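Shown next, in structure tokens, is the structure this report addresses.
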């Protein structure tokens, strides 16, 4: 009787949760997106177009890493046969809604290649087989397209049984989108079996593709900004730090949705504790990767490698940005996460999640901008803020669109081996 009551409460919560975001919020976000786009177009037409292109690249690698990490987290969750946070998984899946937009945002980088990549202006014969324009943009575009396709298929097979079940229980109204998602519906049990088979293939494929594609993006989009510098660990660092960023994003979104939609029953302090432990672990892992790169470069004492580090850690203004990234994104959260209570408290986790995201953004800025900007002061003004706000608005609007069409509370999985409770009790 308790399970039936909990299921009834869950269905009632799904019905009551507002789908549409307030018009004021949507209007402000759309306005910021338009202003950011206009600022970018004006920037690339100005005397120093590199300023607009470099902040565009910073935001591109930041937001696509955040979006892709959500889908990767969900794939890991499924492969581990996890049961601790079905709502957390749904939050993570929604982050993948930005990937089609991010794929389109890759295209403008081709037109900014002259200002972004010095090897385009001055080809390096020894590296021309790898660093040439057609192959460079083809391989990265193909990798992003494969990741987007795998991720959208993953979302489809995750959501199809949920939408069909919700339609059967009259929790949502049939719309053209829902009818398309559930075409040739075979019944809930058959659809769940089909979904499990598909996800069992897609999950490992996404993880392998993520490691390969995002390592490639790190090498190509960022490391080739300074084509004479090389670190064999940089690709691995880039995709692991993106996953760390994604966990911070999942944490922030989960807390905001819990506060705004009244999901306290379904998202409990123990869910936050689990997220806090994951953030703590990835924090230490990424710091370890940073140190592993730094110590080898520093004691190797090869001029082409050490000058890259010296510029970013000892030369102003870049050294200041590096310290901000280190403290906000890594050291500060690491200290806070030693506390069990802090990991369970959303009012402690929320600022830490925001600090990590902000720290990683600054870290991406430090990786990109010093290689391109030759002025005495760092280019951080109103144009950079508006272009960044435009990217953020696009990502938030895509997420709001996702939760408008797909309930943030997933229906229970009725697999025989699953927990009898619609959502495992975490109190």
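The backbone N, Cα and C atoms fix where each Cβ goes, glycine too.
Remember, TrEMBL labels are computer predictions, not curated facts.
Taken verbatim from TrEMBL:
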- 24-44: transmembrane segment (TRANSMEM)
- 56-79: transmembrane segment (TRANSMEM)
- 91-116: transmembrane segment (TRANSMEM)
- 136-156: transmembrane segment (TRANSMEM)
- 198-217: transmembrane segment (TRANSMEM)
- 237-257: transmembrane segment (TRANSMEM)
- 278-300: transmembrane segment (TRANSMEM)
- 320-338: transmembrane segment (TRANSMEM)
- 350-373: transmembrane segment (TRANSMEM)
- 385-406: transmembrane segment (TRANSMEM)
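When Cβ distances are compared across the two stretches, the transmembrane segment (237-257) makes contact with the transmembrane segment (56-79), since 3 or more pairs at least 6 residues apart fall below 8 angstroms.
Per-stretch counts of Cβ pairs under 8 Å to the transmembrane segment (278-300) identify 320-338 as the leading one among 24-44, 136-156, 320-338. Put simply, of 136-156, 198-217, 385-406, the stretch with the most CB pairs closer than 8 A to the transmembrane segment (56-79) is 198-217. Panel annotation: around the transmembrane segment (24-44), residues 51-53, 56, 112, 383, 386-394, 396-397, 400 of the same chain, lying at least six beyond its termini, place a Cβ under 8 Å from a Cβ of the stretch. Tertiary neighbourhood of the transmembrane segment (198-217): same-chain residues 61, 65, 68, 71-72, 75-76, 78-79, 139-140, 143-144, 146-147, 150-151, 153-154, 157-158, 235-236, 238-239, 242, selected by CB-CB distance under 8 Å and a gap of 6+ residues from either end.
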